[in-house]
Amino acid sequence: MSQLPIRYEFIKSCKQTGARLGRVHTPHGSFDTPVFMPVGTLATVKTMAPEELKAMEAGIILSNTYHLWLRPGHDIVKEAGGLHKFMNWDRAILTDSGGFQVFSLSEFRKIEEEGVHFRNHLNGDKLFLSPEKAMDIQNALGSDIMMAFDECPPYPAEYDYMKRSVERTSRWAERCLTAHQRPEDQGLFGIIQGGEYEELRKQSAKDLVSLDFPGYAIGGLSVGEPKDVMNRVLEFTTPLLPADKPRYLMGVGSPDSLIDGAIRGVDMFDCVLPTRIARNGTLMTSEGRLVVKNAKYERDFRPIDENCDCYTCKNYTRAYIRHLIKTNETFGIRLTTYHNLHFLLKLMEQVREAIREDRLGDFKEEFFERYGFNEPNAKNF
């Protein structure tokens with residue numbers, strides 16, 4: 001199972017930082033790592049056409065099991081021939097298990113050994129999601145990489161609560177493996193939990209590595225903890241994971257965290273950040289963040305980023321994009337979304353290049369300096 005259908009090829013590590021350069025092979029093509037995965041919650045990366053994502057060299061995107069289960073329904077996606085055909089995307093797709101949405105969107109929830117009872121966030125209907133159901137939905141969706149159903153504890157959480165949660169996540173992971181119907185063409189990743197407790201991360205990693213998943217995710221981070229806590233947890237967690245399998249840090253997408261994660265041995269990242277902030281007119285640039293709605297850009301006829309070669313920056317000005325965002329024009333959101341995704345995918349290309357040339361530490365220093373991330377009260381996105 002560890003060879004198919006998901007295989008990790010190690011290329012080299014950075015002599016300066018230990019970051020890994022690699023390639024993940026899937027039934028729908030390969031992609032180089034470290035990689036950022038754009039999020040297509042409802043089988044679409046909001047406002048983007050698949051051809052545009054390919055043009056910016058996205059090799060894999062993420063879709064949400066919970067949202068697709070509710071709308072249009074996994075049965076409809078299956079009938080369409082699976083998610084790839086349904087959304088006309090022939091590269092790799094990763095689906096999450098639905099766990100995070102159940103724990104973050106639903107007001108009412110009751111966790112039992114069998115699974116989680118909760119209310120549909122759209123209409124209040126009672127729903128139940130279990131490891132078996134999460135596998136059933138993802139098998140129907142036909143993603144290349146599926147995620148095990150885990151419990152997503154809040155931050156901060158007491159040690160005893162977290163210990164029980166980790167034990168349950170391990171039992172659920174085993175049930176996911178048993179319920180997985182398509183191991184020959186869909187790879188199932190396990191999720192390491194344990195909050196900020198090193199002992200519990202060790203236990204979680206030991207349990208899940210013994211089950212021999214083809215890849216592992218580090219869950220329970222980017223949930224409100226300070227950055228130094230996240231970095232510390234990564235430092236003691238990634239070494240616990242097999243070097244010949246991909247490592248995925250869930251829900252992380254700010255430029256500084258992508259670089260910090262890569263330095264700590266992470267291969268895959270996803271986050272709604274670039275697309276979500278784009279809709280508010282916040283842009284990532286080589287000089288830091290730019291809020292295009294600000295009055296000072298009203299007569300600014302320069303591109304968003306003069307160092308960027310994306311479609312948006314080659315063709316449109318800050319003044320024009322500001323006007324579109326201020327008047328709620330959809331085209332404005334398309335332009336800002338395109339730019340932010342292009343920026344992050346390009347950043348990861350630069351990270352891979354820096355690893356190849358053994359200079360990721362230098363790259364981080366220069367980037368953080370330019371962005372102001374080194375300052376004590378550095379503002380994030």
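Residue positions begin at 1 at the first shown residue.
Each Cβ is built from the backbone N, Cα and C atoms, and glycine gets one as well.
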From candidates ASP144, ASP150, ASP260, ASP267, Swiss-Prot puts in the same substrate site as ASP96, SER97, GLY98, GLY99, PHE100, GLN193, GLY220 the residue ASP150
Write down the single range among 251-257, 356-362 that appears in Swiss-Prot as region 'RNA binding'. 251-257
Have a look through HIS323, HIS339 and flag the one Swiss-Prot assigns to the Zn(2+) site that CYS308, CYS310, CYS313 belong to. HIS339
Any idea which of 275-279, 295-299, 350-354 is down as region 'RNA binding' in Swiss-Prot? 275-279
What mean pLDDT score does the region 'RNA binding' (275-279) have in the model? 98
Taking Cα atoms as reference points, which of the binding-site residues CYS308, CYS310, CYS313, HIS339 is nearest to SER97 (substrate binding site)? HIS339
Determine the Cβ neighbour count for PHE100 (substrate binding site): the number of other Cβ atoms within 10 Å of its Cβ. 21
Within the region 'RNA binding' (275-279), count helix residues (DSSP H, G, I), strand residues (E, B) and coil residues, in that order. 5 helix, 0 strand, 0 coil
